[in-house]
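Listed in Swiss-Prot:
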DOMAIN    3-72  domain 'J'
REGION    269-293  region 'Disordered'
COMPBIAS  269-284  compositional bias 'Basic and acidic residues'
ZN_FING   338-362  zinc finger
MOD_RES   Ser393  phosphoserine
REGION    441-546  region 'Disordered'
COMPBIAS  455-467  compositional bias 'Basic residues'
COMPBIAS  480-489  compositional bias 'Basic and acidic residues'
MOD_RES   Thr504  phosphothreonine
COMPBIAS  513-527  compositional bias 'Basic residues'
COMPBIAS  528-546  compositional bias 'Low complexity'
ZN_FING   549-573  zinc finger
Amino acid sequence: MKTCYYELLGVETHASDLELKKAYRKKALQYHPDKNPDNVEEATQKFAVIRAAYEVLSDPQERAWYDSHKEQILNDTPPSTDDYYDYEVDATVTGVTTDELLLFFNSALYTKIDNSAAGIYQIAGKIFAKLAKDEILSGKRLGKFSEYQDDVFEQDINSIGYLKACDNFINKTDKLLYPLFGYSPTDYEYLKHFYKTWSAFNTLKSFSWKDEYMYSKNYDRRTKREVNRRNEKARQQARNEYNKTVKRFVVFIKKLDKRMKEGAKIAEEQRKLKEQQRKNELNNRRKFGNDNNDEEKFHLQSWQTVKEENWDELEKVYDNFGEFENSKNDKEGEVLIYECFICNKTFKSEKQLKNHINTKLHKKNMEEIRKEMEEENITLGLDNLSDLEKFDSADESVKEKEDIDLQALQAELAEIERKLAESSSEDESEDDNLNIEMDIEVEDVSSDENVHVNTKNKKKRKKKKKAKVDTETEESESFDDTKDKRSNELDDLLASLGDKGLQTDDDEDWSTKAKKKKGKQPKKNSKSTKSTPSLSTLPSSMSPTSAIEVCTTCGESFDSRNKLFNHVKIAGHAAVKNVVKRKKVKTKRI
């Protein structure tokens, strides 16, 4: 009668690992052979069963598998075949079934550790031989494994006995698909090969007897597919269960096999012995190495030496090889790589690089780098001017004016003088008849300052009571410390141009103030308005709203414009302002 492992240890099925350990120690002290000298044989068998039960239950995986198959293991009788739906299957087809194999998961069957018929070696060995025979027969049905004789070994066990059959086939490893379990004198290395092979067991059985439905040709296509699907599912489940059961049985027998424990112990002792011998040899060499220093000298082997006469030949070969490599490299030529450091790209040809330079991506990256460099220069104080350099400064305008074509300059001056002469002749008798205003426009790098003079009729001026000027200026932001410098440079340029003696048809030179801000004239009794800041070209002592007229050449002041014009006419102090472009820029008022 089989005994449950939990009952054998005296614990509940939900006992913890600590409770199992305490129960095993208690049972071991009770049934250990040393504690029972009067009944050693019975105590040994009982103690072996207790130890096997504890080894199974102490392993979580083994315990889970035992709990799921406990009823089948404890059942001594094979499964009943009296069911209505069950049918008898030939044993040669099924071989050892899963249910039959579960009957041997009983440690009480392996209490005798000897070579007898009731011992563990013959019981377990015959089971493994039967399993190997089933696999060979299944393989031969599939047209495989014709060279293996595992089925012959099982037949020899029945005819000549297990021990003699093992002796006949133990050395025929090439004729056996699965190694033999052997018996007590079997080598430890052979046993390791046995357990390694059987631990990777995978059956070749078809398990067709596990089909749930009988296949018939009369079924329609849909029914056939469904029947095949369900039958294949049942076969696969049975196949997986069989493989797991065989692997569990291998682990179960390995725990009971003393040969593995003794062999591992002997192998460890041999390893330690060899390690100790190696250490002793090293110590002896170190100890006696100094005494035999003169006698035991290191000598090069014949294959480690090179004859002197061969050195010259080797050097010649090396020199020739170097010349050959150099000539080869010269033939190959240099490989040029074209690289754009801005975009971090490489090109194989110069044409590709040029095409890349014309792309929008390269230009965009180039502009970003230029802006970053400008910002860094301003931050570090490396530039004398700020971002206002993008606009026309006084220095730039002077340099640009020096490069202007003389003919274009003369034509512009003649046009300005003609307009000034006409406006002065019409309104010379009255001060309010002339409304000449000048405006300065600060444009982009390519533009210069622009002068525009508009006149309005007297009737229109009386009606509106205010002169309206249609010129707009662009306000320039500049540093205070550069205003005087730019004004002086512009005055010098105007003076130099005036000295050339350019005159109109009436021999009169008229000069207009180059940089005077125009604005609306305020009415009487009206609120004061904010005046526009004066530009850098005006004298620093003169405000934009002052009524005093000043000669830009000699600096003399006059109360009215007529006096200023008479002075310019007599003294010839006409200052000329060149106009290259006429571009109106709207000014946004903030």
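Heads up, the Cβ atoms here are built off N, Cα and C, so glycines get one too.
Looking at the zinc finger (338-362) alone, the prediction's average pLDDT is 86.
Counting same-chain residues at least six beyond the ends of the zinc finger (338-362), those with a Cβ under 8 angstroms from any Cβ of the stretch are 369.
Counting residues per DSSP class in helix, strand and coil order gives 11 helix, 6 strand, 8 coil for the zinc finger (338-362).
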